[in-house]
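> Structure incoming, see below.
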Amino acid sequence: MTEAVEVRHDWTRSEIEALLDLPLMDLLWRAQGVHRASNPGYHVQLASLLSVKTGGCEEDCAYCPQSMHHSSDVTGQPELQVAPVLERAKAAKQAGADRFCMGWAWREIRDGAPFEAMLQMVSGVRALGMEACVTAGMLTDGQAQRLAKAGLTAYNHNLDTSPEHYDKIITTRTFQERLETLERVRQAGVTLCCGGIIGMGETIGDRASMLQVLASINPHPESVPINALVAVEGTPLEELPPIDPIELVRMIAVTRILMPGSRVRLSAGREQLSKEAQILCLQAGADSIFYGETLLTTGNPAVEADRELLRTAGVQANWLSASEKLAA
């Protein structure tokens with residue numbers, strides 16, 4: 001029987017930097033112990049992601065090709081309607097996903113027909129027996145409560161980077177506004193999906209600082225996506241080189257150590273990794289992947305390649321819902 005892992009919310013930046021600086025084998029050994037204690041049987045959740053509203057976003061996030069401030073080739077598109085979204089959810093379920101994530105390229109949710117359609121999509125996804133996740137920017141208390149009533153499982157709202165590096169990446173929304181959005185989601189009884197991106201010119205100290213903020217949230221976010229920058233032409237970060245995959249492995253391992261009960265999701269940038277690097281990420285503590293053909297506006301490995309990846313790694317797909325995992 002594996003011993004229970006201590007859950008902490010008081011990690012210091014220096015402690016986290018020390019973890020990030022560990023020899024790789026030592027770091028993986030420690031992360032493995034935590035991961036096996038929190039994920040007996042080594043299961044990986046499969047999540048599918050659909051962009052419901054693509055492009056034309058008012059925010060100026062330097063990494064994002066959907067921003068209207070940048071010159072990428074992503075143009076604004078009207079929102080998808082309820083029926084085709086639910087058809088995509090059904091297809092995702094048939095392919096093996098048990099979580100369906102829907103994204104809107106908005107600064108914030110506004111009341112009206114698009115929000116009513118969002119509520120119908122959430123209810124429809126839940127009726128399929130899937131977890132439903134939404135990412136759509138900031139929201140009000142009332143909107144969070146209505147999403148909860150519709151059955152929303154999780155709301156994604158990433159920190160993106162450290163408080164210190166934040167203003168170099170985004171100027172149209174403050175770091176504090178992100179924290180306030182997370183609090184509204186929690187108060188409504190919806191689980192948090194909150195992580196960040198590495199490879200945007202930040203320092204190791206910035207990575208530690210971002211993880212410190214995430215780990216200080218009590219309880220920890222139920223899902224923590226770790227993204228590697230996908231540098232897209234036409235964005236301010238287009239010339240940044242891809243990060244070393246080992247840096248992503250290290251980030252996932254430390255995230256697992258800091259937040260033992262959270263799902264650590266290997267997210268954007270996975271399509272740039274070799275199969276071997278992806279397996280290292282799973283070994284380091286990732287227990288969820290976006291599965292299928294589309295990850296918002298960047299590519300993602302095809303379904304069969306993902307199935308083969310899991311077979312090669314010797315892990316099982318899908319285990320418990322986020323709420324069941326926390327209660328286990």
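Every residue gets a Cβ built from N, Cα and C, even glycine.
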> Cys101, Cys193, Arg265 bind [2Fe-2S] cluster in Swiss-Prot, but which of Cys64, Cys133 does that record place at the same site?
Cys133
> If you count other C-beta atoms within 10 angstroms, which of the binding-site residues Cys57, Cys61, Cys64, Cys133, Cys193 is the most crowded?
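For the binding-site residues Cys57, Cys61, Cys64, Cys133, Cys193, the Cβ with the most other Cβ atoms within 10 Å is Cys193.
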> In Å, rounded, how far does the Cα of Arg265 ([2Fe-2S] cluster binding site) sit from the Cα of Cys57 ([4Fe-4S] cluster binding site)?
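Pair distance, Cα basis, whole Å: 24 Å.
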> Pull out the binding-site residues from the set Cys101, Cys133, Cys193 whose C-alpha sits within 10 Å of the C-alpha of Cys61 ([4Fe-4S] cluster binding site).
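Taking Cys101, Cys133, Cys193 one by one, none has a Cα falling within 10 Å of Cys61 ([4Fe-4S] cluster binding site).
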